[in-house]
Each structure stands twice: as structure tokens, then as C-alpha cells.
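Q: What TrEMBL lists as compositional bias 'Polar residues' is 1-11. Here TrEMBL flags 1-22 as region 'Disordered'. Positions annotated as transmembrane segment by TrEMBL: 61-80, 117-135, 156-174, 180-199, 240-262, 383-405, 411-430, 442-461, 481-500.
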Amino acid sequence: MVETANHNHQTPPSQAAPPPAVAPPLGAARGPLFPPAEQLLQLHYCIHSNPSWVQTAVLGFQHYIVMLGTTVMIASALVPRMGGGPGDKARVIQALLFMSGVNTLLQTWFGTRLPTVMGPSFAYVISVLAIINDLSDSDFQSEHERFTHTMRAIQGSLIVSSFVNIILGYGSAWRNLTRFLSPVVLVPAVCVVGLGLFARGFPQLGNCVEIGLPMLILLVISQQYLQHIHPVARPMLERFALLVCIGLVWAFAAILTVAGAYNNVREQTKLSCRTDRSFLMSSAPWIKIPYPFQWGTPIFRASHVFGMMGAALVSSAESTGTFYAAARLAGATSPPGHVLTRSIGLQGIGQLLEGIFGAAVGSTASVENVGLLGLTRVGSRRVVQISTAFMIFFSIFGKFGAFFASIPLPIFAAIYCILYGIVAAIGISFVQFTNNNSMRNIYVLGVSLFLGISIPQYFIMNTDVAGHGPVRTNGGWFNDILNTIFSSPPTVALTVGTLLDNTLEARHTVEDRGLPWLVPFQRRKGDSRNEEFYSYPLRINEYIPTRFL
């Protein structure tokens, strides 16, 4: 009975053990996680959408005003050292404006097709200073003759060195170099495009605090805080507060000048603060059309050409970082390799034209105008194309252009404090496509970002007024090349970042580096949107050989 009872007893089926509780990721309950976004969603107008024609014209004029600051800074720094007077400075500004308009049109039509203004570049300043210093011991009958002779030497150097970019671009060498880029490299390369220009921000503003600081505060308050007062005021202040602030502070500077506030100050303060110290209005011609070889026959000297070649190479690296920032702020995908290489080639053609038309320096993609895309949230290509009409118009009608060129430089410096910061932040945004928690990525980012700022700062601090940098060998042309390259933050950051990223466990960290996100955009047909943003207008690509597209 007992055995029978034991055999008839049914044991209950075993219960499956509950799965172990999975702990949520650390910090998951503290807030939402934001997925990576290939395109910024808060732009009002992207690359191929356009505001009304009236707003387009005003925004285009705003782009002209923003790029005018760098143009005047470069002319003010170089022309007096060449021996030129106010009239020569006005003509140099006209030539720079004219070529900026032409090159911007070329780039928006046949280059990257991004809304980027091509403005004069500070990368050429060291090479130009070397030319000025080399000719300082020569005998001239007048200072004006020394100025024209120097401009002819600059013309010859720009013409010959332009072939560096032409060969790099249309020879597809630049496309091959861009294959080594990853989001880990883009973060410091784009970031220092903005941060590397800090010397043109508050240090320039500090030359006239009573004008620069009110401009900075007024722009932040009106453009960011007052827009929330009324829904109707928001788009107007967001897009046009910059022009309103410039007008108000410029009028304030004029009142201080007339009231005699700067009568008993040092000369440098007068140059920075007064609205009548540029003498451009009195010396600029009413109508003057820039024409080829306006300074005379170009002078070609090998030592000058080699130094300018280094500047041409630097301008290519700086433009590359700026193009990536512009694409993001215009709502476009990252520019493919074939687009970057044709833009560098076209930049070389632009430099050739600048040498022919007598510009004082070569051009590069304007960082401040890219920052303006983010400030106004208008990335329209048409707006930038319309801005070229203002550049060309004011380059021909000199009196009108001189009126706006007399805006005190600390006002521009206050604007740049914000615009350069926006571009630097765009560079940081590329880190979302990488593994933020990878110690290998943190190392590459930190070292390339720090050296990208620290090395150029060392070279700039040890460069004298004659353009002599810390590299001082018996070969002057060799010195100019190295001093120019290592004085450029984007070039140093791009070089260091590329070397580290492609040599430190590169094959085993493909996903951590963000390559699966970037590689499709680097190929011509890797993403269907590439043709939408970067194809030539009016089906021009049907008539151009494939290797040049």
C-alpha cells in the first residue's frame, strides 16, 4: 500500500526560475537619451530652401557686412607696411571684395555648392610679411613705388602658388586624403577652425571696450532673449538683430567721436575707436573697376613663391574644416570626397584670378559667415549668392563701400566672439557619431585638440612684426613654409588627428571611430542625398568629364 501510494503520487511540475532582473544603464533614469542626428532640425531654411526675396536681400547684405571685417583687418595690417596710403588701402579693399564676390559665386555654382563665402585669408599674412621684409632694403623713389612693387611681387607669388591647390584638387589628391578622415578627426579639425581664431575676438574687442563690449552684450540680449517677448518678433530678431545692433553701436561710436571722447587718448585707441580715422571715405574713388594686373606686371621670385605655397596648402586645410561646418549648418549631408577635391581645385583657380586682379592675399572659406548661418538659422545657398552682388557692387562704387568699411573693428570683433563660438560648437557636435566612452577616442580628441591650439600659439607668440617665426634656418623659403603651416590651428589639428586616428588601433576600432556613419557620405553614390545637395546646376555635369566632377 505504501509502495502503491508512492507510485500513484504525482509531484508538481518544476517552476521555471524567473529571469534575473537586468539593471538599467547607469543614469538611464535621469533623463532622455538623444539619438545622433545627421542633420540639424531647427533650421528655418536649409541649403535649397529660400526665404522671401526681401529677406534674402537683407540677409545677403548681412553676410557682406560680416565678411567686411576680416577684409578691412587684413588691408589695415598689410598696406601701411608696404608703404601704401589711405588711397592704396581703399583700392586693396576693393580688389579683395571684388575677388571675394567672384570666388563665392564660383564655389556656390561649381565648387562645394555650400552656402560659404570665400573671403581673404589670414593664412597668407606671414608669406606677405616675408615679401615686404625682403623688399624693405631696396631703394625706391617714393613709398607709393615701394607699395606697387610689393603688390607686383605678391601677384606673382599668388599666381604660381595657385597651382598647388589646382593640382591637389583636380588631380584628386585631396579626395584621397579625405579618405583618412573620421568623425574623431573632424571634431578637433572643425572645432579649432573657430577656437583657433580667438585672437580676433575679445583681444581685438579690448582695444575699444566702450564700443566692443556694448555690441557683444546688446547682440546676445536682442538676438537670444528679446525674441521670446512676442511670436511675431522672434523670426525678425533672430535673423536681423545683428544689423540692428551694428547700426546702434556704430551710431554710438560716431557720437563719442564727435563729442571729443577720444581727443586725448593714445593713437592706437583712436584708430580702434574713432569712426573717422580710416580716411577711406576721403580717399576711395567714386567708381573704380578692378582689372587684371592693375598694379603692373607681376614679379616672380622663387623665394616668395615657395613661402606662398605653404599658405595655399594651409588655406586648403582650413577650408576643408569650414566646409564640414557649413554643411551641417546648412542642413546638408557631409560633403563627399569628390566635392571637397573639386572645391580645392576651384579655390586654386580663384587664387590664380586673385593674383591676376591684384588681391593682397588669397582666399579661403569664411569662418565668420558660416557662423552666421547658425546664428540666423538660415542656410540658404541663394542668400550667399545674393551677398556676392553687394561685394561686387561696393568694390566698384568705392565711396559707398568705404562708408561701411569705416565701421570700427571692435564692433566686428564682438560679432566674431559669437560666430566663431558657433562654429567651434558645431565641431564638437561631430562627437555624437563616435563612441564617447572609448579611451582611445578620448586620447586622440584631447591630444589633437590641445596641440591644434598650443603649437600655433607658440609659433604666433614667437613671430616678430617682420613675419620671422621660430623656424629660422638659412633657407628663407623653407622657414616661411614651416612657420605658415604650424601657425594654422586647423592644419595642425587635422594633421595630428589624422596621424593618431589612423595609427592607433585603427582596424579594430572602425565602429568606435564613427566610420560606418561617415563612409557612405564620402562616396559619390554612397547616399542618395549627395546628388540632391552637391550636383552641378542646370545639368552641367553631363558635359564635364567624370574625373572632374
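Note: Cβ is positioned from N, Cα and C throughout, glycine not excepted.
Describe the structural context of each listed feature in the structure shown, including burial, neighbouring residues and relevant distances.
A: Beyond the ends of the transmembrane segment (61-80), by six or more residues, the same chain brings 88-89, 92-93, 96-97, 100, 117, 119-120, 122, 125, 128-129, 132, 147, 200, 240, 242-243, 246, 278, 360-361, 366, 368-369, 372, 376, 383-384, 387, 390-391, 394, 404-405, 407, 409, 411-413, 415-416, 419 to within a C-beta distance below 8 angstroms of the stretch.
Sequence-distant contacts of the transmembrane segment (117-135) (same chain, six or more residues past either end, CB-CB distance under 8 Å): 63, 67, 70-71, 74, 77-78, 81-82, 96, 100, 103-104, 106-107, 146, 149-150, 153-154, 157, 303-304, 307-308, 310-311, 314-315, 318, 347, 350, 359-366, 369, 384, 387, 463, 465-469, 476, 480, 483-484, 487-488.
Residues 127, 131, 298-301, 304-305, 307-309, 311-313, 315-316, 320, 337-338, 340-349, 351-352, 354-356, 359, 362, 547-548 of the same chain sit 6 or more residues outside the transmembrane segment (156-174) yet have a Cβ under 8 Å from a Cβ within it.
Distant neighbours of the transmembrane segment (180-199): 318, 320-322, 324-325, 367, 371, 416, 419-428, 430-431, 433-434, 441, 444-445, 448-449, 452-453, 456, 460, 488-490, 492-494, 496-498, 501-502, 513-515, 517-518, 522; these residues of the same chain sit at least 6 beyond its ends, with a Cβ under 8 Å from one of its Cβ atoms.
Proximity of distant same-chain residues to the transmembrane segment (383-405), defined by a Cβ-Cβ separation under 8 Å and at least 6 residues beyond the stretch ends, is recorded for 45, 50-51, 56-57, 59-65, 67-68, 71-72, 90-91, 93-95, 97-98, 100-102, 104-105, 108, 115-117, 278, 280-281, 283-290, 369.
Counting only same-chain residues 6+ beyond the ends of the transmembrane segment (411-430), those with a CB under 8 A from a CB of the stretch are 66, 68-70, 72-73, 183, 186-195, 197-198, 200-205, 207, 211-213, 215-216, 219-220, 242, 246, 249-250, 253, 321-322, 324-325, 328-329, 367-368, 370-372, 374-375, 514.
Counting residues 6+ beyond its ends, the transmembrane segment (442-461) has Cβ neighbours under 8 Å at 184-185, 187-189, 191-192, 195-196, 199, 431, 469-470, 483, 486-490, 492-494, 496-497, 500-501, 504 in the same chain.
Sequence-distant contacts of the transmembrane segment (481-500), counting only residues of its own chain at least 6 positions beyond either end whose CB sits under 8 Å from a CB of the stretch, comprise 123, 126-127, 180-181, 184-185, 187-189, 191-193, 195-197, 306-307, 309-311, 313-314, 317-318, 320-321, 443-445, 447-449, 451-453, 455-456, 459-460, 463, 467-471.
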